[in-house]
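Chemist: Have a look at this one.
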């Protein structure tokens with residue numbers, strides 16, 4: 001738009017040949033694009049794409065060049081998703097590696113090669129368990145560097161201080177970069193992406209600056225130890241990559257609807273690399289974020305998700321050939337009586353979801369409306385400092401949250417020497433391979449695991465960690481740094497699940513003779529897998545917060561690879577969703593969409609009121625009549641007057657004001673552009689030129705100035721509904737067709753107009769919300 | 001409809017209180033139901049469901065009974081899918097067990113317990129490999145029973161004859177049962193289910209008789225050795241179960257749109273039990289069969305699929321705790337150069353798909369149009385006899401096709417002694433566990449597997465089997481017995497893949513020094529897994545026939561459980577789809593839908609022509625003007641005259657014939673029912689009663705007969721489009737909203753009407769088809 005409009009405006013280059021009549025063939029520059037914070041018209045966009053496609057295929061046989069162009073056009077869909085997959089996988093790998101390194105920098109540095117994280121630094125060393133890693137000689141903690149030793153209170157304090165200092169520094173850097181370079185890089189981005197995919201325009205939200213700043217600040221924010229994850233923001237990063245890739249292909253660059261297909265695929269790729277779950281990613285895109293999801297997009301999303309997953313696997317950021325930090329492989333079965341604790345975990349997840357959503361929304365609203373929101377840098381620094389101060393003393397919160405989740409998911413093999421696996425019976429078993437205690441069910445004495453002092457203290461620490469995570473996450477999500485809530489939510493659930501699992505284990509061990517236990521467990525405690533409880537809890541909590549269902553179960557299924565555990569996961573996720581829905585049907589993303597007043601028309605929500613189109617349309621009874629244009633009676637002056645005196649986005653065109661018989665609909669933006677364009681071309685269009693929208697010019701006196709023919713910008717097929725149409729059908733039409741406005745008729749006469757904004761305001765009103773909270777148009 | 005209408009008609013029971021004015025509150029009996037072979041109006045159905053839901057929730061607090069009713073209503077969605085899952089799993093298990101037994105009956109009988117199949121009969125015996133199973137003493141082949149021995153030409157001939165005789169008997173029984181009891185039970189059912197799900201009514205297609213007969217005849221047809229599978233028909237069986245289950249819940253019984261949600265879930269459950277792939281089943285339902293698939297349905301489909309899978313696992317029909325006959329677990333990686341043979345398999349699959357679709361459609365058209373179709377029983381018996389005659393001599397075709405696929409998918413471990421695994425090197429390795437030859441890559445001499453004579457002869461037999469399967473399947477699918485084509489297609493692909501895999505293996509073994517091989521394979525042939533080729537080939541061939549994509553890859557992924565093999569599968573499926581699409585975009589189901597002229601508006605196909613609504617609407621220029629009703633000028637006589645003289649399904653109601661200003665739309669069926677009802681009630685409505693559609697009665701002379709008020713049956717919100725609307729947008733509206741007709745206006749005046757049939761005819765015309773092939777309305 002800018003290029004062409006500017007060129008013609010400044011008179012550079014040869015003027016387009018033809019003149020007035022060409023208006024029909026040649027599009028008026030700028031017509032068909034959208035302003036910032038506007039809603040796209042899906043029907044128009046899709047019609048434009050079909051036109052373009054027809055043109056290219058019809059020219060296919062004209063020349064070699066056209067043929068190549070048509071082939072390129074046909075393949076560009078696959079090319080663009082390939083690029084999206086490549087970029088998403090690369091960025092995810094880079095972020096993983098950088099965040100691992102920076103997280104370790106908080107505690108120490110690798111002397112031989114400072115760019116290595118602790119694990120890489122100690123690669124050759126045999127002590128790879130968590131507690132003994134500090135002994136690797138190449139890796140120096142800050143207390144070692146400062147004091148020369150690691151013992152005593154002094155060393156602890158130095159390490160503590162360094163940890164907090166680094167955390168605050170990282171957080172400060174992150175929030176400053178976001179503030180200065182790309183304000184859109186903050187948050188998880190998923191509410192905005194949902195809104196964009198539903199057809200809203202937010203310029204720059206998916207730009208290259210946002211991408212760059214988001215990647216850098218995400219690494220900083222994760223490393224600072226704030227209670228946030230990188231999974232949600234990875235979806236935003238992937239969507240930025242998708243948006244950038246779609247700029248390279250005219251098919252996707254010039255069409256807002258087509259570009260959104262690429263973005264749907266990109267969000268699938270983002271989840272795919274976040275969790276190493278390509279199928280789960282596609283379902284996430286389908287269930288949670290996408291709005292218009294044709295089958296072609298399904299297939300391409302799947303492809304993008306796979307490419308991204310394989311790039312990430314090739315980068316191998318975790319050094320274990322796995323896509324995720326917390327890959328688990330369970331082999332023990334679960335038993336029917338365990339469904340009860342799983343349901344309990346689901347209920348806990350649902351309650352956590354409700355608590356989190358309410359608390360977080362209240363806090364974010366406070367941030368929006370009070371002076372507190374004026375100091376975002378200070379807020380981030382304070383929260384980061386507080387988090388670090390409280391987290392360091394507890395080994396479970398000091399650690400990277402991803403690693404914590406992995407440890408909680410994993411089962412206690414005999415090789416594991418962490419506190420969590422400090423069972424007495426472990427000492428007597430040799431290193432016959434993982435899970436040997438579990439299989440040695442023949443000797444019941446061995447299999448009943450009594451907790452050592454380590455397990456008891458681990459439980460206490462885990463409970464404290466749970467409390468800290470619950471509280472601090474509520475205040476963290478929504479700050480002006482990139483922040484996802486998948487990982488903190490999963491951590492909350494995993495801790496709760498693990499604690500419950502160990503408790504169950506001990507109950508079973510203490511009462512192996514109870515009927516429900518003795519029926520299933522032949523060897524006491526060996527029938528409880530606390531790691532499975534952690535996983536179920538994580539799924540339940542994530543489900544409570546996001547209200548995802550199928551995609552969440554499939555993501556978890558891809559983590560474990562066994563159909564066996566789908567039932568526990570489903571039971572917990574369903575319980576969590578039902579409990580959560582009982583307190584309010586919105587997930588955290590929808591709540592944030594509503595908080596920010598984005599014009600998002602949710603496809604999931606049922607509209608169940610009995611209002612009619614006549615109750616929603618404008619003008620109301622008390623308002624002035626609808627601003628209409630007549631199809632051949634107005635002058636340019638009249639037209640400009642109407643535009644100036646109103647602020648509507650578009651105007652119906654009628655035969656005459658008396659008959660109110662509808663001819664078409666014309667957009668304000670298009671009228672302004674057309675008049676400006678006609679004036680610039682200097683074709684004798686003056687203020688008292690007649691404007692006509694009909695196919696033929698009306699009879700004019702000979703001395704009349706040249707008329708302005710506006711039929712090319714007239715939409716001859718506006719959507720109409722009758723005033724008696726129930727609003728549920730109207731909402732359905734808006735949702736399914738993605739239109740921006742519909743005209744309302746009564747017995748064939750034009751009566752009013754309903755815009756998407758009217759629908760959203762009406763829906764807000766129906767659930768007793770402030771209708772003015774819908775901000776944009 | 002029948003009950004209430006009949007009751008009122010015969011004057012039994014107390015007449016409904018109130019009388020004339022109650023027409024407003026009390027629905028006219030029968031209004032809102034559909035006739036056979038009619039298309040439902042999704043918008044109306046969904047609006048009705050919302051009304052019902054509103055009514056129930058508003059009454060919720062009135063009494064305990066209403067509260068229970070509302071809770072039952074809210075939970076009935078979950079209950080119904082639970083029942084669907086239970087029924088689908090049970091039927092699948094029964095069919096599997098019965099088919100296994102009947103298939104073995106063709107060759108012999110278990111003396112100790114005749115209801116056991118060969119495997120169960122020989123449970124105690126150690127000889128469980130395919131060749132040695134005959135040695136089990138309890139199991140007697142027919143030649144043993146007749147001649148007392150199994151050696152020599154005589155015994156072979158007896159066995160041969162018995163095999164053919166049983167096959168013909170089973171086939172005859174199957175086709176006779178279908179002919180006599182339930183003609184709808186034939187075929188795979190998927191084309192019809194797609195059509196039903198898109199909103200068409202075929203009474204009895206999903207009834208209990210169809211279910212019963214389909215289950216029985218499916219077992220017979222599979223056992224007869226015909227080249228058909230039970231996977232497609234299982235979807236039909238599950239949908240019948242879904243239809244029956246939805247009868248138990250008023251929410252689903254009385255609403256055609258809601259019932260289709262249950263059917264979508266049922267088809268997911270069907271595929272879930274057919275392949276043991278719950279996620280793949282849901283995606284199949286989403287990608288291939290469903291039309292209207294809200295997210296709620298996604299979640300419930302997933303649940304139904306899971307329940308079905310677990311019921312089937314509990315029944316354990318294959319005795320291996322697996323859901324499918326051909327579960328495989330590969331552990332060897334694949335290499336980049338193998339993508340070339342995988343693409344070749346994809347090309348083969350695409351070509352097979354094209355050949356099969358064209359051949360099968362040509363044959364089915366011949367059956368429909370010539371006298372050949374008059375003798376369905378003879379045809380089935382002939383084909384079954386021919387199949388048995390040709391299949392028996394070749395051990396690979398004599399076997400159950402499912403078992404054949406399993407053997408082809410499986411890799412040659414040292415325990416396997418079948419012909420296919422007759423490699424020389426096998427003899428020197430002991431029984432150290434499966435795949436020990438493969439892991440012994442240290443000694444290259446061992447790992448290079450030279451084919452023994454068995455492999456060579458197996459290759460020849462497999463090639464013959466391929467030829468037979470290809471030819472006979474084309475003639476089998478579409479006969480008047482239940483027949484699925486998943487298994488035959490997969491068999492064709494698995495044979496081709498296995499042959500190619502063995503060929504590749506030998507090429508690599510013969511030329512281990514070639515650059516591409518030496519780079520990847522360190523120990524000669526051990527880098528090729530022929531079983532993987534068979535699986536890729538099976539996916540490619542199935543993809544070529546059905547043009548499924550994501551769901552097919554996910555089904556195959558669930559069979560193997562490893563993300564590792566998704567890339568080969570995707571490459572092959574994509575190659576197969578592209579090759580197939582180059583020759584014609586229709587899958588076999590769409591081709592059959594078109595052959596049968598079902599009114600199916602495909603959501604996948606893009607409408608890419610430039611026609612306008614004005615080109616499609618009726619009346620055309622040469623036709624008489626549109627039959628309209630006026631809203632208060634007609635008498636009952638006029639109305640009945642209009643109904644009698646036309647055959648339209650509905651009529652627009654206008655203010656006056658001159659102004660053509662639209663008021664609403666009324667259905668023919670509803671008018672007839674309303675007049676009949678008014679007459680029956682005896683309220684003074686006679687032939688010259690005035691009919692009015694408006695909200696208020698027009699002024700009438702005092703002696704005029706009582707007027708007939710038809711506003712309750714008038715649809716006040718008919719869909720309208722302008723005559724200038726491009727047809728691609730109109731098609732989109734029909735597809736997305738699921739409407740039955742749309743009125744066409746020009747500058748606010750009613751001009752014509754477009755029905756779904758018009759759209760389908762127009763689309764057929766645009767691709768140079770006979771528009772009259774669309775049969776129903």
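One is the number of the first residue shown, and numbering goes on along the chain from there.
Keep in mind that glycine also has a Cβ here, set from the backbone N, Cα and C atoms.
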Chemist: Kindly point out the range from A:416-436, A:437-457, A:458-478 that TrEMBL annotates with transmembrane segment.
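Modeler: Spelled out, TrEMBL records transmembrane segment over residues A:458-478, not the other listed ranges.
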Chemist: Labelled transmembrane segment by TrEMBL, one stretch among A:238-256, A:485-503, A:504-522, A:580-598. Can you tell me which?
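Modeler: That would be A:485-503, per the transmembrane segment entry in TrEMBL.
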Chemist: Would you please say which range out of A:200-226, A:335-361, A:605-631 has the annotation transmembrane segment in TrEMBL?
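Modeler: Matching range for transmembrane segment: A:335-361.
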Chemist: TrEMBL tags one of A:12-36, A:37-61, A:112-136, A:262-286 as transmembrane segment - which one?
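Modeler: From TrEMBL, the annotated transmembrane segment range turns out to be A:262-286.
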Chemist: Which residues of the chain, 6 or more past the ends of the transmembrane segment (A:523-545), have a CB below 8 A from one of its CBs?
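Modeler: That would be 328, 330, 332, 334-335, 338, 341-342, 345-346, 348-354, 356-357, 405, 408-412, 437-438, 441-442, 444, 447-449, 485-486, 489-498, 500-502, 504-506, 508-509, 512, 517, 552-553, 556, 559-560, 565, 568-569, 572-573, 575-577, 579-580, 587-588.
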Chemist: Any contact between the transmembrane segment (A:335-361) and the transmembrane segment (A:153-175)? By contact I mean 3+ C-beta pairs closer than 8 Å, pairs at least 6 apart along the chain.
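Modeler: Contact criterion not met.
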Chemist: Give me the DSSP three-state residue breakdown of the domain 'CBS' (A:710-773), ordered helix, strand, coil.
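Modeler: When I sort the residues of the domain 'CBS' (A:710-773) into the three classes, I find 28 helix, 18 strand, 18 coil.
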Chemist: Does the chain bring the transmembrane segment (A:153-175) near the transmembrane segment (A:373-392), so that three or more CB pairs sit under 8 Å (pairs 6 or more apart in sequence)?
Modeler: yes
Chemist: Using DSSP, how many residues of the domain 'CBS' (A:617-681) fall into helix, strand and coil, respectively?
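Modeler: Helix, strand, coil within the domain 'CBS' (A:617-681): 24 helix, 16 strand, 25 coil.
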Chemist: Near the transmembrane segment (A:552-575), which residues from the same chain, at least 6 beyond its ends, have a CB less than 8 A from one of its CBs?
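Modeler: 271, 275-281, 283-284, 324, 326-330, 333-334, 338-339, 342-343, 345-347, 349-350, 532, 535-540, 542-543, 546.
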Chemist: Determine which residues of the chain contact the transmembrane segment (A:262-286) at the Cβ level, with the cut-off under 8 Å and only residues 6 or more beyond its ends counted.
Modeler: 80-81, 84-85, 88-89, 92-93, 193, 196-197, 206, 230-232, 234-239, 241-243, 245-246, 252, 292-293, 297-298, 300-309, 312, 322-324, 327, 486, 548, 550-552, 554-559
Chemist: Taking all residues of the domain 'CBS' (A:710-773) together, what is their mean pLDDT?
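Modeler: Residues in the domain 'CBS' (A:710-773) carry a mean pLDDT of 87 in this prediction.
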